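Read through the structure below, which is laid out as structure tokens, and then see the notes.
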Amino acid sequence: MKKFIVKITAAGAILACFAYCTSTKNATGNAATSLKDAYKKDFLIGTALNTQQIEEKDAKAAALIPLQFNAITPENIMKAEIIHPQWDQYNFDLADKIVAYGAKHNIKVNGHTLIWHSQLPQFARRIKDVDSFKTFFTNHINTVAGRYSGKIFSWDVVNEALNEDGTMRKSIFLDKMGDGFVTEAFRLAAIASPNTELYYNDYNNEQPKKREGCLALVKKVQAAGVRIDGVGIQGHWHLGRVPLKDIEESILAYHALGLKVMITELDIEMLPRNFQGADVNQRQASNPALNPYANGIPDSLLQQQATDYANLFKLFLKHKDKITRVTFWGVNDGQSWLNGWPVPGRTNYPLLFDRAFNPKPAYHSVMALKK
Ligand code: XIL
């Protein structure tokens, strides 16, 4: 009995400590102990989950995620190469698990993503014939969106269809179906999953030229009488260079088309690289100079990051009537994709929690806005 009490007390102490270490006050004056609680009246706060996290194999992540976040996006496992590896074969195992995870913890699930030129299965890349490609496209959306109809909150229906100058990206979809493939994807998704919110998602679509292309794309879908509910701005930004003005102009421009706006893959990268954007096919060779903080990062940079995140969240709060969700692309720094991309094997620090799941200065600066 004594042992049992000690255990309970220890667990309670850890929770109490976490609550104390991360606390701030919410709008009602009560202590808010989490991001989702602090921003409850403003927008959802999400994170991307990897397989370990979906399967709750990572004990610290399993404790932190439901405490801090009320929205989740699978980082990879709903992408076509995993969920639809062969023409007539679907692999729903992990996707079903994230849906069950969301239901269990009362967390909204955003499906990511139905139509994307990257992480496509080999068989789809090899389809030569136009009609067969259209059949693949239709079957994919009907089957995947149909399965989760009523079970997930939203879909990134089309991901990254645009070039930086706002023109349509050259892809197998454009090649086989022409630029109407975007409208067609939304048309099929709206039928397969009538009660799910449907979004177009991209990186750099806050930049003026790409934004113009994105607005034109959305207008085309709308002009066809097809439902599109929102635009996701991925939000892979860089330390000291967060484009606040472009972001604000984009929030206003997308909202003016009657769309919801969400920040879908937020991170603030701390390491150097020689290009901007988040094209997963673009890489840079490894070099020790590109990995300067392998043994720890100076506090001054963490403070700069805290300021960057605070400025961003101030902007999001200013437009909380237009923004429905802000999702971070990962739970903690050690799990971020930016440790492996665009340069392999680096030590990056882009998120609000450090490698030991402790809140960073950026966490506190985001929470402090709600005091
Ligand atoms: C990334 C994942 O985080 C990586 O694990 C994977 O290797 C490549 O894709 N834009 C997107 C996301 O829409 O799906 C990408 O995710 C990051 C860029």
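Here the Cβ of each residue, glycine as well, is placed from N, Cα and C on the backbone.
All TrEMBL annotations are machine predictions without curation.
What TrEMBL says about this one:
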SIGNAL    1-27  signal peptide
DOMAIN    29-369  domain 'GH10'
ACT_SITE  Glu265  active site, nucleophile
Tell me the Cβ neighbour count for Glu265 (active site, nucleophile), meaning other Cβ atoms within 10 Å of its Cβ, over all protein chains shown. 24
Helix, strand or coil: which one is Glu265 (active site, nucleophile) in, per DSSP? strand
